[in-house]
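S.K.: Just dropping this structure here.
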Amino acid sequence: MEYRGYDSSGVAIADGQGHINVVKKEGKLANLDALIEQVGPDNLAGTTAIGHTRWATHGRPTDANAHPHFSFDKKVAIVHNGIIENFAPLREQLINDGVEMASETDSEVAAHLLAQAYNDGETAGDFEASALKVLNQLEGAFTLLFVHADHPDTVIAARRSTPLIVGVGEGEMFLGSDVAAFIEFTKNAVELGQDNVVVITKDDYKIMNFDGTTAEGKPFTIDWDLAAAEKGGYDSFMLKEIHEQPEAVRDTLAGHFVDGRVVLDEQNLTEQDLKSIDKVFVVACGSAYHSGLLAKYAIEHWVRIPVEIEVASEFRYRDPVLDSRTLVMAISQSGETADTLEAVRHAKAQGAKVLAVCNTNGAQIPRESDAVLYTHAGPEIGVASTKAFLAQVAANYIVGLALAQAHGTKYPDEIAQIWDDLSAIPAKVSDLLNCEDAVLDIARELGAIRTMLFLGRGVGFPVALEGALKLKELAYIHAEGFPAGELKHGPIALIEDDLPVVVVVPSPRGVKVLHSKIVSNIQEIRARGAKTIVIAEEGDTDVEPFANWLIRIPESSTIMQPLLATVPLQFLAAEIARQCGNEDIDKPRNLAKSVTVE
Ligand code: M6R
């Protein structure tokens, strides 16, 4: 689970003789491994354990702030994902009760509260009742796991707004924030609902609501295998995932064009619902947001209805105009991003229809949406999104075509033509992957870089943003993406001798004027000393005189070009990161794969 957070990690193991042993360490999981070796695995024996990898919210990434956290009597250990929003008054109350805090975290209060509830009062001696009492005191978003030294065969866990899945083995039971935690041991899993508590022993699981009444989980079989979550010979998950992009797009498209008609999957939206939509709002974060920008271009072009797009964290705080004829597209690889989830909830509360584009079966965002279109990129472990981004773009285009079909804004033969263009993309991405060595050479030739600009026009603009984001998160280099035409309104002042600028050039076979404008833009920056890395279609000779480096991409229609032009930028960012000495590109500093806090 390290990709979800790697500031620190730790485990707590009940020894079955009235004790819990905790080992935890700041930094990556390897540090914890080393500590366990030092302590001696035999000294940590037990058959009930909880573990955690942390992405710090409250308190720095130190040993003390690492999870698990102990209660004051060392009888309870807990791990927590999310934020306990009312931790401050709870902490103050505990301090008034004479409890000494060992960490700066919001999480620690849960351990002490459980010990208090178990030691005294009406829930005394009852682990389950004590856990329920504590859970009902907490506000915010949390997945919490509790172990108690006097109940060494039980783990109690709960979730509110953050993920938790049960893995059902034979004579063993698992809990994980996602299935990757236990995929090696079982393919049988159970999805929990919102505000559910689960009590597991080795042979059984029991699900309840926070008031103790019985609740039902949703069993499912995991269709990923372990190999899909392993590196398969590549140096990093990210490089493996870049190479998996042809399959990611192909699998995402599969089954969505049947007998000449575009079909969506898990649908509670009828053709009539789609027809009634008069406005689309896209909400997403990071790379998913960039894929959403492309949804805007495609849907406005194909369906002729307005599309607004907003980063999910801003959406609900500015009172967007929504009604029952608005379709909100929530795009999320993980399906658990708190900002996007809250935007979904806001949209639903305002009566809008919500369609999720998601890569994770059964995650919270699809669960709370009216309809889902799953991307089939498989598990994406590298924190920087690559194959999930390309799959999102493909899925967004499927939604655009489904809307065009429902609105009758495209004839069936036009839709079939666009589908053919889309279906040709996986093979073109496969060919394009051969550019890897040439792009790595460019990265090496660039030498030391302080800043880098990315320019595009039309659908090339989101590609420029995505290229800049990849470079920022992997190489920790300042990078900005701009619409090329905007450069002269300010950013051109940044151009100086040898500044590397990536330019994504639209197809010369598309809107002619756009192509010639960007060729002029390249000349403007070259005239001011920039070094240009030009991404252009095969056969586009106009750009040749102005490119310090030229990366060729296969021919495609304009709207499909982002599915190709993004790929070399992924290699470029990965290699520049290596040149900068960032060896572990799968886990860039300060980031986490799934951001379940707002
Ligand atoms: O799981 P999500 O798609 O909702 O995640 C959204 C962003 O956090 C994610 O795309 C992030 O920007 C990636 N690190 C980008 O590479």
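Using the three backbone atoms N, Cα and C, a Cβ is placed for every residue, glycine included.
What TrEMBL says about a protein is an automatic prediction, not a curated fact.
Among the features that TrEMBL reports, active site, for Fru-6P isomerization activity is placed at LYS593. Annotation comment: TrEMBL describes 1-203 as domain 'Glutamine amidotransferase type-2'. Positions annotated as domain 'SIS' by TrEMBL: 270-409, 442-587.
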S.K.: Which whole number is the mean pLDDT over the domain 'SIS' (442-587)?
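M.R.: Value for the domain 'SIS' (442-587), mean pLDDT as a whole number: 94.
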S.K.: Let's check the environment of LYS593 (active site, for Fru-6P isomerization activity): how many other CB atoms sit within 10 Å of its CB?
M.R.: 23
S.K.: Could you break down the residues of the domain 'SIS' (270-409) into DSSP helix, strand and coil, giving a count for each?
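M.R.: Secondary-structure breakdown of the domain 'SIS' (270-409): 66 helix, 28 strand, 46 coil.
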S.K.: Count the residues of the domain 'SIS' (442-587) that DSSP assigns to helix (H, G, I), to strand (E, B) and to coil, and report the three numbers in that order.
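M.R.: Counting residues by DSSP class gives 71 helix, 29 strand, 46 coil.
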